[in-house]
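Participant: Mind having a look at this structure? Questions to follow.
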Amino acid sequence: MVKLSPSILSANFANLKEDIEKVEKAGVDMLHIDVMDGQFVPNISIGPVVLKSVSKITNLILDVHLMIDEPDRYIKEFVDGGANIITVHLEACTHIHRTIQLIKSYGVKVGVSLNPGTPLNHLEYILDDVDMVLLMSVNPGFGGQKFIPAIKDKIRELKKMIDARGLNIDIEVDGGIKVDNVKEVVEAGANVIVAGSAIFGADNVEESVRSFREEIK
Ligand code: DX5
Ligand code: ZN
């Protein structure tokens, strides 16, 4: 079963509660929370304070994507804020193995994300330790960018790596996913789909979620 995780980056932050209720009612599985520090990525978004408020108004799984340098400093805050899955960027961690263990020590799920240009072999010695790999299909920092087609091969390769080791790891893909390309992404091996502008930015959220489901059923 493919899971949908709409990114609140494209929601209306002046009307966040209503927007979240809309996607929840439309039947999505998770809520993707994009955290940006203006350092690792050239944009600043939200932090643990907003996450905490969001956690109080939704039952969706909170899928927190940290685009921040040296995230160890803030893991506890995001756990306390209600994160169910915390994903860090491999490129942002000096000691990725330590960061993974730290997240796990709080009893939440752990994901590792790779920028489009980062090769999969960096996962070699940590793959067994993670619950999810998040492949970026745009360069992180902004919603509404164009999907990078080469990432489809990367998804296929990752799926092979995971299957070869007999692991049960989610493959999440994030950036530029729309109703008209989601099928290819899922066929390549992704089972968690992030969509920001295509869901929160849609005129009719419910209809957009329905169209996504239709494509990937
Ligand atoms: C990009 C973020 C994405 C983004 C996706 O840095 O990590 O989650 O919000 O937005 P769309 O679906 O519009 O590309
Ligand atoms: Zn994201």
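In case you wondered, yes, glycine gets a Cβ from its N, Cα and C as well.
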Participant: Which single residue out of ASP170, ASP174, ASP180 does TrEMBL record at the divalent metal cation site shared with HIS32, ASP34, HIS65?
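Facilitator: Given HIS32, ASP34, HIS65 bind divalent metal cation in TrEMBL, the matching entry from ASP170, ASP174, ASP180 is ASP174.
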Participant: When neighbour density is defined as the number of other C-beta atoms within 10 angstroms of a residue's C-beta, which of the binding-site residues SER7, SER197 has the lowest density?
Facilitator: SER197
Participant: Taking ligand 2 as the reference and 6 angstroms as the Cβ limit (strictly under), which binding-site residues among GLY143, ASP174, GLY176 are close?
Facilitator: ASP174
Participant: Report the largest Cα to Cα distance, in Å and rounded to a whole number, among the residues SER7, HIS65, GLY141, PHE142, GLY143, GLY144, ASP174, GLY175, GLY176, GLY196, SER197 that the record lists as binding substrate.
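Facilitator: Output for substrate binders SER7, HIS65, GLY141, PHE142, GLY143, GLY144, ASP174, GLY175, GLY176, GLY196, SER197: max Cα distance 17 Å.
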Participant: For the recorded divalent metal cation site, whose residues are HIS32, ASP34, HIS65, ASP174, find every other residue on that chain with a C-beta no more than 8 angstroms from the centre of their C-beta atoms, and list them by sequence position.
Facilitator: SER5, SER7, LEU9, ILE33, ASP63, THR87, LEU134, VAL194, GLY196
